[in-house]
Amino acid sequence: MAATLSVDAQQPDGDDDSASEENEDKEIIDPCLTDEGTDENISQGIPLETIVNMHRPVSYIKNMEDIQNKDFIFMISPFKYDPLHPERRPTANYIQNRRGNRSDVDHVLMPYSKFNVTKNKKSVWLFNREALVILKTMCDNHTATFNDFKGAIRKCMHHHCELGSLEKLINQVYSNEERGHFMSIVLSNICNLSLDVDKICGQSPPLLCSGSNRSVTMSQEQVASLLACSVFCLYPMRSEQKAKNKYRNFPNPNFNLLYKSGHPRKIQKLKCIFHYFRRVTENMPTGVITIQRAVLPKAHFPRWSEVKTDLCDLHLTTGQKIEDVPSVLQVDFANKYIGGGVLGSGCVQEEIRFSICPEMLVSLLMCEKMEPNECIFLIGCERYSSYIGYADSFQYGGNYDDNTTTHLNRELLKAYTSFIPSRYGSDYTSGIATGNWGCGAFNGDKYLKAIIQLMAASAAGRPLIYAAYRDKVLINSFYIVYEFLKDQKATVSDCYRYLQRYFSQGKRQSLFDYILDTPVSSLKS
């Protein structure tokens, strides 16, 4: 599995679901349908195998036992990975008398916290546990129905909630066999993971707030337990955020918005998520997952007009999606709220990735919205589902075995922040797989995005793999522009001048045409 990086493209303010709903009625261009020619795939530039083989693989990880930094937080007992014994199961790192009882600003308020109480100071967790135990008993007795599942969710949320999409999946979309297996086996296991969350996790996860360089490492079992709590909407103060709530700038990790009636793609995302729970409860994986927030200090902002670095190696392809490129950093530019509309109606690049890799959803629990100079690394998250389609045509595609400017300076900074290998040292030069970020629902200029990412990767000293799935026109034209720039020995600062002049002259032609019509030597005048 490759490391994945989430960074935000410019989007409307608001919560994740409102942002996705706002774009639901927009025409969303399926990147698989942008080419009018045949289905034959093309590639240009440096061969993909050359980039993958010549540069250090992204899987390099320091020995956990050697990390002595308070900003690297372990929810498991640090251990040295032994490739001869990959089945070793991580153990929870218990903190005496602090198992989820924290109510401070630095940690998630957990469902079992002693501070999670009603207005009458009664424990919410004891009430919710009773509802989950009753549901689990019915599951184990093969008598549980959707109404029982619905009743447990409503009891845990302590108010009426509309669950139209969830009901349609279980009662109409699932076959009799699928419904019986889910209600008797999978749902019972989800109840177990929720009921045992205090034992499995051992402590409250930290909040990764804006402006902080922090990371948290946990086991895949801990992630499954935390996400099981999201199934029953157990996280307090998150589903209905209020102005003075400390979580007002955090996504909602509970699934209540995904359960509501709406577009059929909600049902397909739920199928992906429930398939994940079936997989992990049949055979719990023993890996670890790290979520790291990274901030680029202002002193390190590149002065783009002065960067004399040559352009990086470039591979362009219409034949692969970003998530299919192995052994590289896979970059997703989307919402400033991590996950975007994944738990709402959104279903484009970011939401699809989080649906087929549901372990990424745990980042919604901990990560505050991103600023322009921030990015979030998701390392070790496994892919569990295949899929077909995009946006309105998105569908769960079965099991997957993972064996693997208007704001020009802001976007350059965002790309550079995600590409720069600051965590691993200057010799960390693995390839970067990226694509047309912000060019679907948000109508971005794909030529501009291509040049911005070429500049950022070049300044970071890393080769670029540009996966514009089945968009042959872009791949061919981008390669022509790239060859033109390389032939003229253009540097990053030259590209920056191209962008400055392009915007100043009113954009009467495409950016690629403007570059091809403008010799590098003329930029000096």
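We count from 1, first residue shown onward.
Just so you know, glycine gets a Cβ as well, placed from its N, Cα and C.
If you check TrEMBL, you get these features:
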ACT_SITE  Asp332  active site
ACT_SITE  Glu350  active site
ACT_SITE  Glu351  active site
BINDING   Asn335, Gln349, Tyr390  substrate binding site
COMPBIAS  13-27  compositional bias 'Acidic residues'
DOMAIN    175-293  domain 'PARG helical'
DOMAIN    302-405  domain 'PARG catalytic Macro'
DOMAIN    406-473  domain 'PARG catalytic Macro'
REGION    1-41  region 'Disordered'
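For the domain 'PARG helical' (175-293), DSSP puts the residue distribution at 59 helix, 14 strand, 46 coil. Each of the active-site residues Asp332, Glu350, Glu351 was ranked by the number of other C-beta atoms within 10 Å, and first place falls to Asp332.
For the domain 'PARG catalytic Macro' (302-405), DSSP puts the residue distribution at 26 helix, 27 strand, 51 coil.
Local packing around the binding-site residues Asn335, Tyr390 was summarised as the count of other Cβ atoms within 10 Å of each Cβ; on this measure the leading residue is Asn335. Within 10 Å of the C-beta atom of Gln349 (substrate binding site) sit 26 other C-beta atoms, taking all shown protein chains into account. Within 10 Å of Asp332 (active site), counting C-alpha to C-alpha distances, fall the following of the recorded positions Gln349, Glu350, Tyr390: Gln349, Glu350. Looking just at the domain 'PARG helical' (175-293), the mean pLDDT is 93. Between the C-alpha atoms of Glu351 (active site) and Tyr390 (substrate binding site), the distance comes to 10 Å. The distance from the Cα of Glu350 (active site) to the Cα of Tyr390 (substrate binding site) comes to 11 Å.
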